[in-house]
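According to TrEMBL, the record shows the following:
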BINDING   30-37, 147-150, 176, 184-187  ATP binding site
ACT_SITE  37  active site, proton donor
BINDING   61  beta-alanine binding site
BINDING   61, 153  (R)-pantoate binding site
Ligand code: AMP
């Protein structure tokens, strides 16, 4: 496994591989890898001749008072995980290389970036769309894999790839959860033991929604209230948003069908966690 930090070297390596007729599968991450990332890497391994992982904590997708400076990291462990998943190249650029002085270009996916996490984190998805565009241009992937854990991010990237005719196949992967239901996240490491227990209210709320949908409930308002009631039972949880939306357009839904998205963001102390489900989809 090769570790490349220089942007130019990564791009030249990728272009050279492409000239040799190799296909490149790509998994972009912010590091502190867990089983969710590993599931993307294992799938990526089957999708290309060369598997590239990037680790880059992208400053322009963090707001002023967010956790950019405290974002967890353990590069040695990440490299071991990557090696175990068959990664060929780990790309670890630095911020000054990615955003040298004078940098002023951005990519914005206008409508899909507005609701849900975009409303609580203004500018977040512009930062995501911009860095993913840069990473795609540097890594030259044929296939790129993203988790449905970040459902809106996946929707934004799919739209961007289609709108800008990017020659990349974007693949969405299932949410990987702990045995008790908590969606894996690098940010789970911020949780105290009591917050970790309280964090189960996110997945519990989604399970309740799925059960009520399976039992025939089709009112978005009713399902939303059911989910809110589950969160309300947890005194440590503060809701950022809980929304019932169309899974394709992210527009509000009044009635629910198999493609309806229920997405939520909840704060436990200082830690903001997200989770979601498509009600009619197998999990
Ligand atoms: P991050 O390092 O948090 O930016 O995540 C990198 C990629 O891993 C994104 O495409 C995420 O959606 C994906 N990911 C993170 N957590 C999970 C999870 N629990 N299950 C599946 N994919 C995940």
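Each Cβ is built from the backbone N, Cα and C atoms, and glycine gets one as well.
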Determine the Cβ neighbour count for residue 36 (ATP binding site): the number of other Cβ atoms within 10 Å of its Cβ.
20
Return only the integer: C-alpha distance in Å from the residue listed as 'active site, proton donor' to residue 148 (ATP binding site).
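About 11 Å separate the Cα atoms of these two residues.
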Which is it, of 30, 33, 176: the one of these binding-site residues whose Cβ has the most other Cβ atoms within 10 Å?
33
Does anything in the same chain, at least 6 positions from residue 153 ((R)-pantoate binding site), have a Cβ under 8 Å from its Cβ, and if so what?
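Listed in sequence order, they are 117, 125, 128, 146.
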Under 6 Å from ligand 1 by Cβ, which recorded positions from 33, 37, 61, 176?
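Only 37, 176 qualify.
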Select the most exposed residue of 37, 148, where exposure means the fewest other Cβ atoms within 10 Å, treating these as the recorded positions.
148
So, three-state DSSP: helix, strand or coil for residue 61 (beta-alanine binding site)?
helix
Around the C-beta of residue 186 (ATP binding site), how many further C-beta atoms are within 10 angstroms, looking at every protein chain?
19
Is residue 153 ((R)-pantoate binding site) helix, strand or coil when read with DSSP?
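Going by the DSSP assignment, residue 153 ((R)-pantoate binding site) falls within a helical segment, counted as helix.
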Under 8 Å Cβ-Cβ from residue 61 (beta-alanine binding site), six or more apart in the same chain: what's there?
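In sequence order, the residues whose Cβ lies under 8 Å from that of residue 61 (beta-alanine binding site) (at least 6 apart) are 123, 124, 125, 127, 128, 131.
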Under DSSP, is residue 36 (ATP binding site) part of a helix or a strand, or is it coil?
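Reduced to three states, the DSSP call for residue 36 (ATP binding site) is helix.
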